[in-house]
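Going by TrEMBL, these are the annotated features:
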| type | residues | note |
| --- | --- | --- |
| TRANSMEM | 62-82 | transmembrane segment |
| DOMAIN | 73-471 | domain 'Cation/H+ exchanger transmembrane' |
| TRANSMEM | 124-141 | transmembrane segment |
| TRANSMEM | 153-175 | transmembrane segment |
| TRANSMEM | 195-213 | transmembrane segment |
| TRANSMEM | 225-244 | transmembrane segment |
| TRANSMEM | 259-285 | transmembrane segment |
| TRANSMEM | 292-309 | transmembrane segment |
| TRANSMEM | 315-334 | transmembrane segment |
| TRANSMEM | 346-368 | transmembrane segment |
| TRANSMEM | 380-404 | transmembrane segment |
| TRANSMEM | 416-435 | transmembrane segment |
| TRANSMEM | 447-470 | transmembrane segment |
| DOMAIN | 567-657 | domain 'Sodium/hydrogen exchanger regulatory region' |
Amino acid sequence: SPRPLPRLPSAATVHLAAGNNAASRANVNRRAGRSLRASVLPTDQNYSKKAFPVLSLDYHHIHVPFEIALWVLLASLMKLGFHLIPRLSSIVPESCLLIVVGLLVGGFIKLAGEKVPPVLDSQSFFLCLLPPIILDAGYFLPIRPFMENLGTILMFAVVGTLWNAFFVGGLLYAVCQIQPGNPSDLHNLELLPCLLFASIISAVDPVAVLAVFEEIHINELLHILVFGESLLNDAVTVVLYHLFEEYSGAGTVTILDGVLGVISFLVVALGGVLVGAIYGFLAAFTSRFTSHVRVIEPLFVFVYSYMAYLSAEMFHLSGIMALIACGAVMRPYVEANISHKSHTTIKYFLKMWSSVSETLIFIFLGVATVDGPHSWNWTFVTVTVLLCLVSRVIGVIGLTFVINKFRIVKLTTKDQFIVAYGGLRGAIAFSLGFLLEEKHFPMRDMFLTAIITVIFFTVFVQGMTIKPLVELLAVKKKQEAKRTINEEIHTQFLDHLLTGIEDICGHYGHHHWKDKLNRINKKYVKKCLIADERGREPQLIAFYHKMEMKQAIELVESGGGFKPPSALPSTVSMQNIQPKKPAAAKPVQRALPQLPKGREEEIRTILRSNLQRTRQRLRSYNRHTLVADPYEEGFSDFIIKKQKIIELEKKVRASATRFVIPPHWFCCLIQSRKHTRQEKKRKKRAVLSFSLQQQ
């Protein structure tokens, strides 16, 4: 019989078969897993029990943070040992000793046969070590002397740096082309690489200037001139560096490239300032709402500042100028909002952080000198050092000759010598040289050797001899004096007086614009960025409160044997301040007189209203709108007379429309109106002279 045809499987049968296959695969996988675990896990047959390790070593797991902590500890111990020997600190600057320590550490690592770690690479320097130093300088920057000398600082920073770069680069290229019959590697050096090297080595370094000038205690004018130059020449250095690096391969620079370079300088400088100001206002606005979470107030200052630096670097703007602008903008508003504890935390943390970074930079500079690739050329190195000195001296003398024509307080010959001699170079130049690629710049090793030589010469020779020269020349030093209420009153009075004189003369100088900015700041900005009533408090009362707080804390720290008054604000914490020597025999005295709260509020109201009235009386004179003072005597009589004159003129106009005036009446009317105008001018002059006498 024929075989039956096979039946096609239904859908349910197919689904069941698929499920059976999946189940069988799962069983296979489970059996494989059991066999794998059986092969991995120890069994009774092949497992031998070992002793449990009590102590084990895994240095590779923690070597990076451990080495960082060792470097910080070494830097702190060196700084501590330096200040324990006062005679040594009076002879040798701290930066010189730290470089020597770095050289010794690098030498020991080299002798031990180990590879010297690349401690001072450009990434760690520009992103980790440099920002704390610049933030500390910008946050505590003396704004008033900096703004008063801003024109002089910009001349030294912009024109002086451009002069140094082109003078050193041009003459260095000329020296390298001498003696063509004696072939050497210097003859292959082109003009653009020489200009690039000169732009790196010409800028004054802020880290080296801070390290040396803070030890010699130079007067405030010279300190702000040299330090301000070192801060603001960053934009010029960045633009020149990128410009010459970009066109070194092309070999030519056109006029269009020069114009684009000028535009790039403006963008880099002003863009960095704008980015820093934006983050500074954000930090001030955020601190307005931190009254209930005081513990995170310092964090906003540090984070916003670092974000400003990183944002500027992200767009290739000047990160140094961004940090300076951020610190200077945020400080007055942040300090009005935060507590005294937070202010102390910010102050000491910034000082500690910047001090450790500065110490590490100089130690790492010594270590990198031992390990770095060097190519010594006597001609190139010697000519570079000499040209740096000569260009600095010529630039300072020439620029000062121009600047003194516009300055009220002239820069003397001694001041010019200190400014020229204080142009120190530092680790910024080394890091910029380290960024050069060897395939584009075959002389990179020779450039690095010359940069290190210039740094060592300026730090060791000029840094060690500037203090004796300051004492020999009897240059005026910094005087540590506390500001008093009397000085504050006279300073404000002189500001108002000079603003009024500029308005009368029709000259819109910096006093005029400063007064305009102060008015805008008090009227709009403080209301948005400062919380509570502190934004509307007069400047003199705010300064008095600050002095009162300092005096109270100093009296408590000095151990006068008294109890702090209960009228002090609640933001001051006295629990950690203990008197050094308790004097039980002395009678208990109060640091400040304790007043009832009602009486104190009444005194503040009287002071505030009187100061506001005084401010209204001292408003600046404007020659276009002459307004008499309502507090002056005779003002009401003047108003009455003016109204009578206006009414008389209206009556004359009305009568003129009704009938025709005879010719002789018309002449009399003209004479009368002319006499009236002369009388008004005479009264205006009298009111103006009287108001000036009162002011």
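Glycine residues also receive a Cβ, built from the backbone N, Cα and C atoms like all the rest.
Simply put, out of 292-309, 315-334, 346-368, 380-404, 315-334 has the most Cβ pairs sitting under 8 Å from the transmembrane segment (225-244). Ranked by Cβ pairs under 8 Å to the transmembrane segment (380-404), the stretches 153-175, 195-213, 259-285, 346-368, 416-435 are led by 153-175. Long-range contacts of the transmembrane segment (195-213) within the same chain, counting only residues at least 6 positions beyond its ends with a Cβ under 8 Å from a Cβ of the stretch, are 93-95, 130, 133-134, 137, 161, 164-170, 172-173, 223, 226-227, 229-231, 233-234, 236-237, 240-241, 244-245, 248, 320, 358, 361-362, 384, 388, 391, 422-429, 432-433, 436, 441, 447, 450-451, 454-455, 458-459, 463, 466.
Scored by C-beta pairs under 8 angstroms, the transmembrane segment (315-334) has its highest count with 259-285, from the stretches 62-82, 124-141, 259-285, 346-368, 416-435. Within the model, the domain 'Sodium/hydrogen exchanger regulatory region' (567-657) shows a mean pLDDT value of 53, rounded to a whole number.
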